[in-house]
Amino acid sequence: MRTLLAKLPRPWIVDEKKDDGYTALHLAALNNHVEVAELLIHQGHANMDLQNVNLQTPLHLAVERQHAQIVRHLVREGCNLNIPDKDGDTPLHEALRHHTLSQLRHLQDMQDVAKVGVGGRSSTAAGTAASTGNLELLMGLGSQGADKKSSASIACFLVSNGAELYIKNKKGQAPLDLCPDPNLCNALVKCRKDKSGSQMLTPSTSPQPSEQEALEDCIVCSDMKRDTLFDPCGHIATCSLCAPRVKKCLLCKEPVLSRTKVEECVVCSDKKASVLFKPCGHMCACEGCAALMKKCVQCRAQIDKVVPFVVCCGGTAGTEDPETRKKVFPTDKNENSLPPAPVRSGMPGQLMNNGAHDNTVNDFQKLQQQLQDIKEQTMCPVCLDRLKNMIFLCGHGTCQMCGDRMSECPICRKSVEKRILLY
């Protein structure tokens, strides 16, 4: 699996579905392939919230099959805990339903034992013991088998990590309605309260507004935002109005040979360009689009390294660990064979009002990457401006304007014997 992921030509294939809606991660969760699931999440950046035809996520399947390791890994990597399936059941519904069914199976076993008694007195005693055992078991006081412990611990783990206790399914049942065990119900409510309390006590880790503003304001006038890139140092220190007066970079004192105003991202046109490509020195894409690129869209040069906007302004790349920075901003073109994708560890996505993680950015980036690949397949490889509409006998093609001027194929260098126009 590691080799397959490393040589995968198109990363979104990881999330391709079968006819029944199952992805590779669904199958790994269903069959308890822990190592495969870890590789799909970490190396393949698989979407953990995709649903099959029954609207089940990988977490639904792992909880249903009581695969505790898979459940633990999915939850810690930031999957959504409250997605309902076609019946409206969340993974917590499944966990508590499994817990109750295991109790009922235990009850049935005890009733079978009561019927084995020989003689009236012993049979009555056995029946009394069985009925007493039934009551204790339903009240959560009976002996707990490994199966029961597993389902109860999974339920507690889900709640302590954000699973909602009061989401109702299509039958109007909340998770607690499926659990007749009062001890477990109390434990789940306590887990939920403890999580809410810890969230209130957690200090904010967002950067201070004053620090952010200091990095964004022009060093010279302090009235406008920094928007001019100095060449060759690659620093951004002033606004476009103050930049012509600066002869040496105010951050590194290196002579300024040219100045370029930072415009909007040339790919999405929604955000301002915020990533500097090395070694070409162009800043023409936002962070989201830059993560999908292997070549600079302005000069088509290979990207060996990318530098965030905040670093160009003299700040630091962030507080996250070096491994995280390497995933988002690889420092060597051979360092990661897979194109970078949003890192899930610790930051699974922006939280929405309902407590779920917003994966819109991840989906948008994957669509951008697919669009980029389609463009590379359909655009002329010579001019990179016009559509490929002429094919040579060797199988390669260009646009008509470039093809009419060529005597040999630009890809395989075979002589052009015939040109075929596409319509």
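Placed from the backbone N, Cα and C atoms, the Cβ positions cover glycine too.
According to TrEMBL, the protein carries these features:
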REPEAT    20-44  repeat 'ANK'
REPEAT    54-86  repeat 'ANK'
DOMAIN    218-253  domain 'RING-type'
DOMAIN    265-300  domain 'RING-type'
REGION    320-342  region 'Disordered'
COMPBIAS  322-335  compositional bias 'Basic and acidic residues'
DOMAIN    380-413  domain 'RING-type'
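Packing against the domain 'RING-type' (218-253) from elsewhere in the chain are residues 259-262, 276, 278, 281, 283, 307, 309, 312-314: each is 6 or more residues past its ends and has a CB under 8 Å from a CB in it. Residue counts for the domain 'RING-type' (265-300) by DSSP state, with H, G and I taken as helix and E and B as strand, are 4 helix, 7 strand, 25 coil. When pLDDT values are averaged over the repeat 'ANK' (20-44), the model yields 91. DSSP assignment over the domain 'RING-type' (380-413) gives 4 helix, 7 strand, 23 coil.
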